[in-house]
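**Student:** Starting off with a structure, shown below.
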Amino acid sequence: MSEKNIKGIKFGILSPDEIRKMSVTAIITPDVYDEDGTPIEGSVMDPRLGVIEPGQKCPTCGNTLGNCPGHFGHIELVRPVIHVGLVKHIYEFLKATCRRCGRVKISEDEIEKYSRIYNAIKKRWPSAARRLTEYVKKTAMKAQVCPHCNEKQYKIKLEKPYNFYEERKEGVAKLTPSDIRERLEKIPDSDVEILGYDPTTSRPEWMILTVLPVPPITIRPSIMIESGIRAEDDLTHKLVDIVRINERLKESIDAGAPQLIIEDLWDLLQYHVATYFDNEIPGLPPSKHRSGRPLRTLAQRLKGKEGRFRGNLSGKRVDFSSRTVISPDPNISIDEVGVPEIIAKTLTVPERITPWNIEKLRQFVINGPDKWPGANYVIRPDGRRIDLRYVKDRKELASTLAPGYIIERHLIDGDIVLFNRQPSLHRISMMAHRVRVLKGLTFRLNLLVCPPYNADFDGDEMNLHVPQSEEAIAEAKEIMLVHKNIITPRYGGPIIGAAQDYISGAYLLTVKTTLLTKEEAQQILGVADVKIDLGEPAILAPREYYTGKQVISAFLPKDFNFHGQANVSSGPRLCKNEDCPHDSYVVIKNGILLEGVFDKKAIGNQQPESILHWLIKEYSDEYGKWLMDNLFRVFIRFVELQGFTMRLEDVSLGDDVKKEIYNEIDRAKVEVDNLIQKYKNGELEPIPGRTLEESLENYILDTLDKLRSTAGDIASKYLDPFNFAYVMARTGARGSVLNITQMAAMLGQQSVRGERIKRGYMTRTLPHFKPYDISPEARGFIYSSFRTGLKPTELFFHAAGGREGLVDTAVRTSQSGYMQRRLINALSDLRAEYDGTVRSLYGEVVQVAYGDDGVFPMYSAHGKTVDVNRIFERVVGWKA
């Protein structure tokens, strides 16, 4: 056979002659099997259509199951029927061409002119050619009289799904498929071309079916159910219906049955052919099984998430993969993934024997499939595969191994694997990790790596894939390893970084009140794989003490400079320069942390232009990995030794504080009552562009918002700055000051759709309030805190506000998912060329420079091509 390169694919419509030529037999009988259960010749299960039973030979090609591709048959339709998928095109042809002569309803000169332009541009600029044909169609459809034969044109009406009518003088007449086919046959090839179709592959009359292709048995095999009964495929059921109605129609015509009966059968044939193509046509009842289940016909096999394209071509099930629940493990590297031994023994990596690894691989073969690290298969140089489960003397087999053999060995520590969590919304939802085989049944993941996967440990499952070829392993190692993706391509900041305990530990270690003896410093540094000389202690008498800042400085590069506010720098502890008594402004000079604390702004994940960001960007991602594997463990060790716990007293306020909050509540109530009274008296000043009612709502909301923030300020003022709940909120480790306000002081206004809760009963939200009551408590304002507990009415309003959040989340997820799919489909053909432009498949320029600046965010300084301030700070030690 000669080899040829595929240059392109062209789609068209099968002509009746082509259908007959590719068919091996006509299908004429609706009966499928005889009394013995043998397929009948001439039925939809005719043996000539392909083999589905093992051991049988195909009568057509002589091949057995697996090698026989299957063969088409055909059904000669007694009367033509409309192809339901091409109704739109048929409608356009009927409207754009003359009912008498079949010409396009534009003048000969125009046809000649447009044909010339169309032929010149169709290959080079297909989108422009498409616009031209659309223009020709629209112009032709408007013509009332044919410019070629002067025939008056009647309006064509389509009644979906497939009924065409013509509005004549004498009334509305239905166009049968035969009438339509006659008209379409009259259209000359030159006119077909100018309407945007290729007459060699898509003649318009072929859209009206006279012959129906019957697909091979191989794509619609019958299956045996447990009871021994043979169950046919949905397509086979549909084809039997078509053959049965076709035969009945033929018999009725031959017997000279009344026209009404013939038309009914013709309509029924049209219905069965339409639902054979698509069983979800709007306005057409779906074809069903006896059980009431709709049949899955051709269109259903192709479209949708489970269809052929998305379900089997874009996305496939794969080998060498596993899935299980994930658990946290702060003791493994960010680059590692803990793999259960049972999975490591099931998934294999092919390793070729060389003189250097032969002894190691011999031992794996001796260990066999049940002992880790072992091997499952041996592949000989001749390609024969030996399954070690069935080898009795594995030692003997191991002794025969030689270079050239391939051993499919178990996963071992250090192997490269791909790790993924669905939904995979961006590139770093799939990254490469090194294997660390551990006891247990779950995958272990370092907590720092959760953000790119959007993973948590409340039952999430993740997928692990094992690359099989050296090329795939090398690619994963060089491009996909976790530490090479710490900086996200989304905004050029670190997506992997500290969260929760890490931030709390870093803050408690760096705060200026933390002093450590040499033993304590050694104990917390013991978890890091480093040799560090802390130098002279900061405090020499009465006892020698190191500060937490000294411990952290030991991990920083000696030429690193940084200035910036910490997360705790807000409210009464706000500092904007080095002269800060609150330790909330960070200063690092020549790698020494002189003042300030490490919190979310310094080392947190998803914090661009932070200390962590500049350390990774300026000193390599390898250094970033080392820092996270060592310094971050020190933070966790410190918080373990120090103790970090939250108790009820952390959100309990004293009586004097409560009294202060109650006074504010009384003041706000009076203010709201005054506003309501002013509204009733007509004295309220409306806000420009708002009605009086909307203005009142705005005034009330402003008053209540002020009340909640005042209550929060009062509570914060009296909370101990080392109260751990407050530490979490201020450092950015978890929660916010608002959460503490809600726990300690009050919940505040509950809203639905951005407004106070106003729906419920006819004139009030709940039966506990008077009709037309618009006071704060009657419209969802909660004066209680979580600490004191909610009243029954308050609990109801809180549930209403919470419900909206749940619904909103569910709706947003589906909408954003669909939007992303559409974006991916639209942008998938665009690429950045070597000249820096972004172009489509046809070479059309979409952007002159990628992103208008030609900068990839991952390698930018948080979006900026060059950050001059940072360069100054790095080199000189202060910002420009």
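Note that Cβ sites are derived from N, Cα and C of the backbone, with glycine treated the same way.
Below are the features I grabbed from Swiss-Prot:
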BINDING   Cys58, Asn63, Cys68, His71  Zn(2+) 1 binding site
BINDING   Cys98, Val145, Cys146  Zn(2+) 2 binding site
BINDING   Asp456, Asp458, Asp460  Mg(2+) binding site
BINDING   Arg573, Cys575, Cys580, His582  Zn(2+) 3 binding site
**Student:** Below 8 Å Cβ to Cβ and six or more residues apart, same chain only. Which residues does that give for Cys98 (Zn(2+) 2 binding site)?
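**Tutor:** Correct list: Val104, Lys105, Cys146, His148, Cys149, Glu151, Gln153.
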**Student:** Sorted by position, what residues of the same chain at least six away from Asp460 (Mg(2+) binding site) have a C-beta under 8 A from it?
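**Tutor:** Once residues fewer than 6 apart are set aside, Asp460 (Mg(2+) binding site) is near Val325, Ile326, Arg421.
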**Student:** At the Cα level, what's the spacing in Å between Asp456 (Mg(2+) binding site) and Cys580 (Zn(2+) 3 binding site), rounded?
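**Tutor:** Cα of Asp456 (Mg(2+) binding site) to Cα of Cys580 (Zn(2+) 3 binding site) measures 37 Å after rounding.
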**Student:** Can you give me the Cα-Cα distance between Asp458 (Mg(2+) binding site) and Cys580 (Zn(2+) 3 binding site) in Å, rounded to a whole number?
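**Tutor:** That comes out at 41 Å between the alpha carbons.
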**Student:** If you measure Asn63 (Zn(2+) 1 binding site) to Val145 (Zn(2+) 2 binding site) at Cα, how many Å is it?
**Tutor:** 59
**Student:** Measuring Cα to Cα, tell me the gap between Cys58 (Zn(2+) 1 binding site) and Val145 (Zn(2+) 2 binding site) in whole angstrom.
**Tutor:** 58
**Student:** Work out how many Å separate Val145 (Zn(2+) 2 binding site) and Cys575 (Zn(2+) 3 binding site) at their Cα atoms, rounded off.
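**Tutor:** That separation, Cα to Cα, works out to 83 Å.
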**Student:** I'm trying to understand the geometry here, so how far is the Cα atom of Cys68 (Zn(2+) 1 binding site) from the Cα atom of Arg573 (Zn(2+) 3 binding site), in Å to the nearest whole number?
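**Tutor:** About 79 Å separates the two Cα atoms.
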**Student:** Rounded to an integer, what is the Cα-Cα distance in Å between Cys580 (Zn(2+) 3 binding site) and His71 (Zn(2+) 1 binding site)?
**Tutor:** 84
**Student:** Could you name the residues, excluding Cys98, Val145, Cys146, of the same chain that surround the Zn(2+) 2 site, i.e. Cβ within 8 Å of the Cβ centre of those residues, in sequence order?
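**Tutor:** Surrounding the site, in chain order, are Arg99, Arg100, Cys101, Arg103, Lys105, Ala143, Pro147, His148, Cys149, Asn150, Glu151, Lys152, Gln153.
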**Student:** Can you name every residue in this chain, apart from Asp456, Asp458, Asp460, with its Cβ inside 8 Å of the center of the Cβ atoms of the recorded Mg(2+) site?
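**Tutor:** Not counting the recorded site residues, we get Ile326, Ala455, Phe457, Gly459.
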**Student:** Quick one: give me the count of other CB atoms within 10 A of the CB of Cys575 (Zn(2+) 3 binding site).
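**Tutor:** Cβ-Cβ neighbours of Cys575 (Zn(2+) 3 binding site) within 10 Å number 20.
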